[in-house]
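Record features, source TrEMBL:
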DOMAIN    A:283-395  domain 'ABC3 transporter permease C-terminal'
TRANSMEM  A:16-38  transmembrane segment
TRANSMEM  A:279-304  transmembrane segment
TRANSMEM  A:333-354  transmembrane segment
TRANSMEM  A:366-385  transmembrane segment
Amino acid sequence: MEFRPILNALKRRKTGAILVALQVAITLAIVINAIFIIGVRSEKIGRDTGMDVNNIFTVSVRGFGPNFNVVESIKQDLRMIRSMPGVVSATISNHIPLSGSGSGTGLRTVPDLTIESTGTARYRFSEHGIETLGVNISHGRNFKANEVEFVEADSNPPTPPGILVTQALADSLFPEGGALGKQVFWGDMSESTIIGIIEKMHGSWVGWDKLEHVVIQPGKPAYQRNRYIIRTEPGERDRLMLEVEEKLSANSPNKIIQRVRSLEEHAARSYQRDRAMSIILVSVIVLLLVITGLVFLGLASFNVKQRTKQIGTRRALGATKTDIVRYFMLENWIITTGGAILGIVLTVGLAYWLETEYSLPRLNFIYIPVGVAILWVLGQLAAYMPARRAATISPAIATRTV
Amino acid sequence: MFLYYLRISMHSMKRNPLLSGLMIVAIALGIGVSMTTITVYYLMSADPIPQKSSQLFAVQLDSWGINHPFDRDRPERAPHQLTYRDATALVAAKKAKHQVAMFESTLIVEPEKDKPYLSMLRVTSSDFFPMFQVPFLYGAGWTANDDERASQVVVLSKETNEKLFGGENSVGRRLRMGAKEFVVSGVMDTWNPTPRFYDVINGGFNEVADMMIPLSLTEPMELKSAGSDWGWKAESINSFKDWLNSESAWMQFWVELEDSMAVDDYKNFLDAYVTEQKELGRFERPLNNHLQSVMQWMAHNQVVREDNKVLVGLSVLFLLVCVLSAVALLLTHFLGKSEEVALRRALGANRLSIFGQHLVEVSLTGVIGGALGVLFALGGLQAIKYLYSGQGFDHLVQLDIFLVLFAAVLAWLASLLAGFYPSWKLCQESPAGFLKTQ
């Protein structure tokens, strides 16, 4: 319909229109890139860990004094924990998955140091580890109780006869498949056999690209600090966290109980920066849209006030209320669209800068129409109110001052 | 004249509260958001020890294996920590003005009255205190003599002294830790270098440790590192001694060198040391030793996080959007004033005074917006503190005088930038044009 008159009117106030379009363009560039970054982070945070994250918690115990016997203490603690109603399973462990603290190593398929090894997180659990973490053995078998022994600090543990690896690690080591039953070599060239493959499990460092590379050796680490991992029935975790802490400290004057922490909290801490970044970006987007919306609103209101007489005249000449509303909405749409076209160029430019200057992945172009749609809706919403007010201007206004 | 302009400006703003209010909000949000991210960035990238940051150097020795570069993607990078063997050998060599090796560890503290607890401590040598200009509330650091004799002495942080001794002068008092009797040699005053430059590997914004004890206690007390340790070699480790002699790197090492000649000399010394070690079959890689000053070390280890740089970039764009909003609003606002301006021109006001008056009006908007923006930034920083709680951001969310001034100038510049074109446009109007319709 009335594209021409709108364009003519805009031409007469072109500086203002260009400024708003420019604002739309930069807003679009920020919004699209920010939504994209949020998307990437949310995906990272939401990855399936392979573990029963919601029902697991961990405790760290450190004994001291001359009468403290690590092995006895671990046996006693675990017996006590396992006897508590609501506990599904518990194990001693060298490290806690998702916690950001762990141990890493390199494995090879041939005993040759000149060949690059495959990096992986390394854990040492008892035969209860699999059930405690709630991970799934898809091929092969778990450790047997007689394969698991106490391993003391500062001693080179005997190379384990059999190890468990995650599917991801198995695929990296043996791309052609058939990892089960194969030999792998540690840094000291000793060898182990893969006796089981875990479908999926996350290791310690959530920022590492090999997060799903995990190898598990059998063993009960009897180090200075003993870390217990405990899995509970659904809904029992928080109660048991309190009870376990209480019971552990009650019967042991020579132990310090530390970091009773759910696996969820370990993960939340590890992903804290990603979550904070997402929340900051959401705030930036919201504020940006508020500003842009308010500016649309303010300018449209002012225009309506300025053009009261013209609007009255148009109404007197037969324009319907709908025509008036449509005029202002269309005007806004033209400015927004003009800005969006420039905005897409800016968006791609900003994305390129973020990608080359920082380690951000390449922008997924699906986010561009999303951003444009958001600004269209915002513009139309902001223009609607003043436009409605414009439509109520009576045709009689036109006659008044003449 | 200025006061008169100011009065007209306030009058003008009151006449159009919607547009003026929006302008103030736009400037305030722009300043609020950008100051929040800039503050964090500014404090993250600050020089933690400006008096001597160019004289303190982190030492790197490439002790990794011939087939094992420390960083496979960038093999020219040397490991960022040293082995116990090398760190203690370099401390003993005393070739620099000051040298200090250190790591973080934990010990069980058994206070006389309270329950035992696990304490984070830094195990280091006596040079730490003069070298990093650690302020003392009571007493002082231990001496080189204590280093040599592995004395059981301890330096407490102010908080730890408050916790254990109620904040009184505890120098000479005894403290049971790790089943041994220690004597307090000093209590540090509040000291929080930000970033914690001397150990950015284990958290550049972490707090200074609760206490410090001599490095020479490592062996007798079998102290293990609570920080990160890196290794490349499979070694047979059957005792604590094996561990200390291993190729595992878990110590930070710093030297103080007064001028470039001293730097060259020390570099030569390091190369000579490594060459000597090569004869023992260690250091398989080509010579790759580095001395990096405090600020170089911060950059090398990317202490300022990428996210924070991206946020500064985005928030500057955000401010630009706000300035554009303000320009658009001002243009519209001033458009409605053409008649008034024409009248004033007709009554004898020249272009320059019209222009000046409007810049005053714009500045007033900027000042109000800026002040509001600083309040927003304070809120924003509290939100950042909450979002990053536990990440040592507490020292990164404080506005200082410099930042507030920066915000004020930024707000004023932003508003002037926004107001320049509309004001100029307005005073181009000819007086006649608008008077006609009256």
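Cβ atoms here come from the backbone N, Cα and C positions, even for glycine.
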Give residue numbers and ranges for long-range contacts of the transmembrane segment (A:16-38): same chain, 6 or more residues beyond its ends, CB-CB under 8 A.
10, 277-278, 281-282, 284-285, 288-289, 292, 295-296, 299, 335-336, 338-340, 342-347, 349-351, 354, 360, 363-364, 367-368, 370-372, 374-375, 379
Composition by DSSP (helix, strand, coil) of residues within the domain 'ABC3 transporter permease C-terminal' (A:283-395):
95 helix, 0 strand, 18 coil
State the residues, same chain only, that lie 6 or more residues beyond the ends of the transmembrane segment (A:333-354) and have a CB under 8 A from a CB inside it; answer 'none' if no residue qualifies.
3, 6-7, 10, 17, 20-30, 32-33, 36-37, 360, 362-363, 368, 371-372, 375-376, 379-380, 383
Pop the mean pLDDT for the domain 'ABC3 transporter permease C-terminal' (A:283-395) in here, whole number is fine.
88
